[in-house]
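Everything below concerns the one structure shown next.
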Protein chains: 2
Amino acid sequence: MVWWRASSADIDVNPDLASERAAPSFCVESLTNLLDGSVEKTRVRRYVVSTILKDPVFSKENHYFKTRQERYEGAIRNSFHLKQKIKELGWREDGPEGEVIYRAMGGELALNIHGVFIKSILALGTDEQVAKWIPLANNCNILGTYAQTELGHGTYLRGLETTATFDISTQEFIINTPQISATKWWPGDLGKTCTHAVVLAHLIIKEKNYGMHPFIVQVRSLKDHSPMPGITVGDIGPKMCFEQIDNGFLMMRNICVPKENMLSRYSEVLPDGTYVKRGSDKINYFTMVAVRVSMLRAEVLEALMKACTISIRYSAVRRQSELKPGDREPKILEYQTQQQKLLPLLATCYAIHFTTCHVNKVYDEVYGAIQAGNFDSLPELHALVSGIKAYATEICSNGIEVCRKACGGHGYSLFSGLPSLYTKVTASCTYEGENTVLHLQAARFLIKCYAAARSGQSLPHSVAYLSSPISGACQASSHTHFLNPDVYIKAYQHRAYRLIDSAAFKMRNLVQSGMEQYAAWNSTSVELVKASIAHTHYIIVKLFADVLDSLSSFPEIQKVLKSLCDLHALHGIFTNSGDFLQDGHLSGKQLEMLTEAYLGLLSLIRRDAVLLVDAFDYADQQLLSALGSYDGNVYYNLLECAQKNPDNKKVNAVFENYLKPHLQSNISKL
Amino acid sequence: MVWWRASSADIDVNPDLASERAAPSFCVESLTNLLDGSVEKTRVRRYVVSTILKDPVFSKENHYFKTRQERYEGAIRNSFHLKQKIKELGWREDGPEGEVIYRAMGGELALNIHGVFIKSILALGTDEQVAKWIPLANNCNILGTYAQTELGHGTYLRGLETTATFDISTQEFIINTPQISATKWWPGDLGKTCTHAVVLAHLIIKEKNYGMHPFIVQVRSLKDHSPMPGITVGDIGPKMCFEQIDNGFLMMRNICVPKENMLSRYSEVLPDGTYVKRGSDKINYFTMVAVRVSMLRAEVLEALMKACTISIRYSAVRRQSELKPGDREPKILEYQTQQQKLLPLLATCYAIHFTTCHVNKVYDEVYGAIQAGNFDSLPELHALVSGIKAYATEICSNGIEVCRKACGGHGYSLFSGLPSLYTKVTASCTYEGENTVLHLQAARFLIKCYAAARSGQSLPHSVAYLSSPISGACQASSHTHFLNPDVYIKAYQHRAYRLIDSAAFKMRNLVQSGMEQYAAWNSTSVELVKASIAHTHYIIVKLFADVLDSLSSFPEIQKVLKSLCDLHALHGIFTNSGDFLQDGHLSGKQLEMLTEAYLGLLSLIRRDAVLLVDAFDYADQQLLSALGSYDGNVYYNLLECAQKNPDNKKVNAVFENYLKPHLQSNISKL
């Protein structure tokens, strides 16, 4: 069935896919419930998804044929319609429906940064400011964005150039982007939509710079939507994906905003120009973590799960070449090389899923503590989330490309759904913290903890292993030993420990030999990134294994997840073997055994592969893929997609304008 | 300067980029000549490039704002205009200008498969067929395509389903695509343009299948371009890139073509249905190799060179964060992690460049031998090219993404030029032989040679090392020893030997334990792919080092290329260290030394990095990048690009249709 058909009633499942589902070794529905969190959560998710998918306003029938402008208009239309619908149905964005809605919409929404605008006023505004602006924003009487990043400045806030200079005589701030590189750049909803912005700018009072502060600035007229005087605003142009989002630029020339427009929960300017700081804004730091946590499941993992669903179903119906001489062309999923591409990624989906569950749990705990005024666990949470965000976005986006290429030529067609999964998710390697920067932040925490442990301090839970001495060599003496989580968890822990230890050692030596601290850090940064990756990988492997222990009442599911956990761990060692061999934790001989165990898992999991993606429970209309539909009628779907191409129904102007004179000049010879 | 400006006369080079060029350690122009092959070749290339770039018909001013249909029409227009221009200027497509033209056009051409149509008639047609069809095709009185791949069938020719059944009574072939999966799918120029196709189909005579044969089929009317009776033809829809190409589908229902339309140089059907085979069609096999050789430089390496140019220039002008406390934000190229991303890729450009030079040389030799009737070297050439095609396409496309992400958020804008470099070149991992399939073909050759060596036969040059016993442990005892090509070449050779040996050993064991040959092959295929990669990597490292020896009359260039060669080799060991550690060829201690040498090379090459990409000598209009222009005025360029966006000049219908009612319902509160 192609995704724009609401019903598949009269279409048979491709026998090649039906046979994969004929004798399941576990109950797929139970696994779906486990992934959702409960039977009830599965019910709610399906209810929300089906309610959204059957609404004709949200139809994606011509999705891959739309222009950028059509995508943008559709996203605006969807956003207003969804708000209305949520109100009518009594759904709560912070309730059980909330987290599912965005996933069900598949990102075809605008006004996302309007939400950030609202949140930043709630977080940074005084009670009066909240009372003034929030009702207007909630009713969309104003539409906002959050303008921080500049053309010449990204992650490093202190580098921003926009200024807000306080004029005591008028009690106004005068906001300026002093040169081209100060142009605000990237904010979503800014390009063509919003009327207001929370602008981050250096606060200047009497020529003294008080650092970055947030100001509400009107950018467009509410009457005719034209830019306000002194404002230059527009769309930054086409991107690799996100056609529906109007990322924008904003230049401000002597824009005067009243004193009340500085969001002043944490700091205020008095009429005489006195600057007053109030309380701690550590909570901002927490907000950044919150965004990273929420994107992990809803944007990053989601994309890899869809890509695995599409590519594994396709690999079970695509037949190609010859394996056994004389036999029918086999399913490409029978090839070990195809299994090696897709099945470790399937295992990665599960690994990252359980990791995000854990991160959400820790996040909730830390949030609770923070509300009680205790910020102690924030650095650990920040480091954990930094490492996992960087690790997961990298592995998921690279993984989607592996899935796409594993579908051969058809993976290159937009109809496969795979190109846009990639071009969208790869942005997450950069936004909300560039991955290398995040790994280095996580590494800074690891190095700090390592030093603390050396001086006898106790360490937070996730890094507690740095307190004990490094473990000895691996004791495995047959390939089956590598199917023991204790063995591989220890290997990952050993690797992380050694890389952290070795980076710390190198830095200390460089400093002792006279290098300045900052230069020693930079000279070690390649190794520090490696250390952060190794630590994160260890955390993920361990969390997956911990989940297995909790599943004893679902033995079939426990069994298949155990194999996935093993596969994920052994694949990681197989592909990063140098890290485990370098100091002899593993011997060459042991790596051979591990390879045997790893390759054995591929053929084991191959049997359940289709069921393991079925358990992700995506409707065809969510996958938007001619290759990944539940019924597996891929060639029929591709052809139907192609025939719907509006270009195929138009007269081709090229014939009249270019071809005809050539084609008809010698027609008698034919 | 942005790329649509023909002159940069009045624009200053960004001082951050000027300073990189202030004190070159080598003559950039000489290096450019070396890359081109000679001073004269540089001259010709510049003449062709500038002639093309200054032609207003070929202007790319609004490149990133064009729709798919506009790109297609532009490519058709370009193609006809270019043919005319080539004729007028007396350029020869097989002459010195030829190879440069396509690169200068940056792929914005259609009718590429019309060229394949012509070549296949020349190669497979009889003299009469050539005499009939070639003049028509050369004059574009007919426009052809080459239709082989089907919806359900790719690389494996025997799996194709289209049939051509000989009807003795009418002396015609009746051509059919018997079911959906037999639909011809992908041929370029088929979707909206061509009138004829060389169709690959199973030849059936008196119910006997004689295998795949080529037939000329008319698909559209020359009068009005409508599909011929029985033909269903159209465009297959949007892809990840190649918007300008109308890849198409073709269904044929009882299409009758005269007997003369079977291309019959190598086999013929007599009027009574007798099938006659003539001579060998090994030359076809060679044609496939020829296509792979030609794409390496013109499509694959070209893209990585451009990506390195863009990202390295940008990294020399982008300033971000803080390195030394209190100092100005440093150029991001000062960060070791940024160097680690970009500089090994820069080295890879040079490594692959010299590899393609070598491959071209071998190709010419083999072609000469084949013309003299000697096909002996074809299997070696085929294996060599298979491995290098798979290796280079993978490393170049992955590398471009590294370059893109290394440019942060701006790399995600189409204006950076990087997204389309990637989305285009990644297709090369699949077309002209899927990479895993190619590595397995190369591995089959390696395993065969390995066995031949065991039985005392002598081996072709590129695999001769399989005849000698495997080398012993590496003797390096300080980090400087790793700057000796003999040391790392030996390491790469050792690794390739061991992986081939170990795959052969595993297969033999599996067969001896009772597994069938095909199953043993499949069970070893992950390791066989690794072996092919290792062999190819060894060849590339060795070829680069060989080039150094020939450069003694250019000592400065020899010196900088030596560092690049070292970097390429050591980076490969650093990132694949397990392969070198596993059997103890390197010890963990040696790997530490190697890491030190490797990191040292990063800061060494960083000094010349901008000059080393300048030497690639791309005009701004070829890079199509706001980030990569020679003058480095990146923020100015980005802003100018955004302001040219036609969307920014249109009235936004969304305001009237969606926003206005909300924005104006509460306007009094503001």
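Placed from the backbone N, Cα and C atoms, the Cβ positions cover glycine too.
No curator has checked TrEMBL annotations; they are predicted automatically.
Summarising the annotation, TrEMBL assigns domain 'Acyl-coenzyme A oxidase N-terminal' to B:28-142.
The FAD binding site annotation in TrEMBL covers B:Thr149, B:Gly188. On its own chain, B:Thr149 (FAD binding site) has B:Lys184, B:Trp185, B:Trp186, B:Pro187 as residues at least 6 apart in sequence with a Cβ closer than 8 Å to its own Cβ.
According to TrEMBL, the domain 'Acyl-CoA oxidase C-alpha1' annotation covers B:285-447.
As annotated by TrEMBL, active site, proton acceptor applies to B:Glu432. Sequence-distant neighbours of B:Glu432 (active site, proton acceptor): residues of the same chain at least 6 apart with a C-beta under 8 Å from its C-beta are B:Met288, B:Val291, B:Arg292, B:Met295, B:Lys389.
Feature annotation from TrEMBL assigns domain 'Acyl-CoA oxidase C-terminal' to B:484-664.
In the domain 'Acyl-coenzyme A oxidase N-terminal' (B:28-142), helix, strand and coil residues by DSSP number 85 helix, 0 strand, 30 coil. Counting every protein chain shown, the number of other Cβ atoms lying within 10 Å of the Cβ of B:Gly188 (FAD binding site) is 22. Secondary structure from DSSP puts B:Gly188 (FAD binding site) in coil.
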